[in-house]
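Inspection log for the structure reproduced underneath, given as structure tokens.
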Amino acid sequence: MSGSRTSMSSVNLSQVVPCLAYSCCSIMMMLLNKSLASRGGKIPLSCVMLVQNLATLILVHIFDSCLATEAKARWRMNLPPLRVQTCLAWLPVNLIFLVMLFSGFKTLQLVTVSLVSVCKNITNVFTTFGDRMLFGEPVSFEVLIALMLMIIAAYLGASDELRLDGGRFNMQAGFWMTVNCLATSAYGLQIKLSQKQTGLSPYGCTFYNALVATPLTFLWTIWNGDLLKFLGNVELLEPQYLFSLTMSSLIGFGIGFSVFWCISATSPTTYAMVGAANKIPLAVLGIMVFSEPVTANRVLFISIGLLAGIVYARAKSLLKKQGSKNHSRGPSKQEAIELKVDKLENGNVMMKDAGSHGE
């Protein structure tokens with residue numbers, strides 16, 4: 001009994017830590033962006049991505065050179081061999097990511113961030129059922145309640161701005177928002193699919209993702225002209241500008257690794273829920289650090305969002321306990337029959353092979 005509790009706690013810890021790592025990195029990146037925006041600093045998004053990808057490749061090779069062999073094996077941080085097939089397997093992830101960024105940029109030109117935030121929470125429902133269809137991830141009634149609570153919380157948090165934004169929504173905004181929501185849902189699902197196809201560790205996924213993304217983002221910066229603007233910016237040599245780029249690169253490496261770690265240890269659904277729940281501590285920090293006003297809707301958003309996180313965590317815990325109970329009971333009658341048939345077929349094949357060798 002004690003052994004099963006120990007194994008259960010270790011399994012929970014192996015899933016909680018990646019989620020916390022992704023949440024912390026994501027919150028730090030959002031706070032950094034908000035700080036830059038409040039100071040008037042503006043770095044082109046495509047150039048930030050290019051710098052982050054190059055920094056990730058450099059950091060991966062630094063860790064590979066500095067870490068001992070035992071540490072690499074223990075933490076699964078071995079640098080995978082370079083293969084064209086693996087690059088092709090990660091190409092859809094990066095293409096979907098670029099579609100997600102471009103459609104998000106077009107959407108934010110037409111509507112406010114609040115409306116996009118509400119729709120992103122609705123997207124989590126599509127991710128949940130896609131996770132169920134592609135990977136067999138169980139979906140309970142409590143999971144659906146948690147998703148609905150998160151949507152309600154997002155609506156309450158954005159209700160004041162949504163009243164002002166309602167007149168700006170049109171067919172063009174609806175098109176780009178739909179594309180962005182579908183790409184957001186497909187991104188997490190494609191990561192899980194590529195992980196299964198390649199069998200890479202989160203560290204290997206980080207390396208290959210940066211390797212494939214670097215030439216794509218480089219072409220993007222040339223196409224939109226951001227690279228020339230970025231290199232010609234006189235602020236590039238200022239200490240504050242360099243510090244922001246350095247911090248963005250380090251946090252970007254952490255986000256990339258923690259995203260693959262989170263999806264590998266849990267599921268695309270949990271990854272989407274953690275991303276939605278990140279807005280709750282951001283709202284609290286906005287009140288405490290940036291002196292944002294405390295409104296009734298904001299308090300409701302924080303309270304219902306926390307409740308949604310608790311309901312989701314409890315639902316996943318119950319599903320895991322139910323899965324472990326079913327596993328301890330052994331295979332079902334149908335599975336037992338299939339196992340017996342497989343054994344008989346394998347036995348007949350072995351007898352035929354033995355007879356052919358005897359002849």
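For all residues, glycine too, the Cβ spot is worked out from N, Cα and C.
Residues 202, 248, 251-252, 254-255, 257-259, 261-262, 264-266, 270-271, 274-275, 277-278, 281-282, 285, 289, 317, 320 of the same chain lie 6 or more positions beyond the ends of the transmembrane segment (12-31) yet place their CB under 8 Å from a CB of it. Marked as transmembrane segment by TrEMBL: 12-31 (among others).
As annotated by TrEMBL, domain 'Sugar phosphate transporter' applies to 24-312.
Marked as transmembrane segment by TrEMBL: 139-158 (among others).
Residues 92-93, 96-97, 99-100, 103-104, 106-107, 110-111, 115-116, 119-120, 122-124, 126-127, 130-131, 134, 205, 259-260, 263, 268, 271-272 of the same chain, all 6+ positions outside the transmembrane segment (173-191), place their C-beta atoms under 8 angstroms from a C-beta of that stretch. As annotated by TrEMBL, transmembrane segment applies to 173-191 (among others).
Annotation source TrEMBL lists transmembrane segment at 203-223 (among others).
Residues 18-19, 21-22, 24-26, 28-29, 32, 36, 41, 43, 48, 51-52, 55-56, 59, 188, 191-192, 195, 202-203, 205-206, 209-210, 270-271, 274 of the same chain lie 6+ residues outside the transmembrane segment (243-263) yet bring a C-beta within less than 8 angstroms of a C-beta in it. If you look up TrEMBL, you'll see 243-263 (among others) marked as transmembrane segment.
According to TrEMBL, the transmembrane segment annotation covers 270-290 (among others).
Positions annotated as transmembrane segment by TrEMBL: 296-315 (among others).
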Chain residues outside the transmembrane segment (139-158) and at least six past its termini with a C-beta under 8 angstroms from it: 112, 114-115, 117-118, 120-122, 124-125, 128-129, 131-132, 269, 273, 276-277, 279-280, 283, 297-298, 300-302, 304-305, 307-309, 311-312, 314-316, 318-319
On average, what pLDDT score does this prediction assign to the domain 'Sugar phosphate transporter' (24-312)? 86
Near the transmembrane segment (270-290), which residues from the same chain, at least 6 beyond its ends, have a CB less than 8 A from one of its CBs? 15, 19, 22-23, 26-27, 30-31, 34, 38, 117, 120-121, 123-124, 127-128, 146-147, 150, 153-154, 157, 185, 188, 259, 262-263, 298, 301-302, 305-306, 308-309, 312, 316
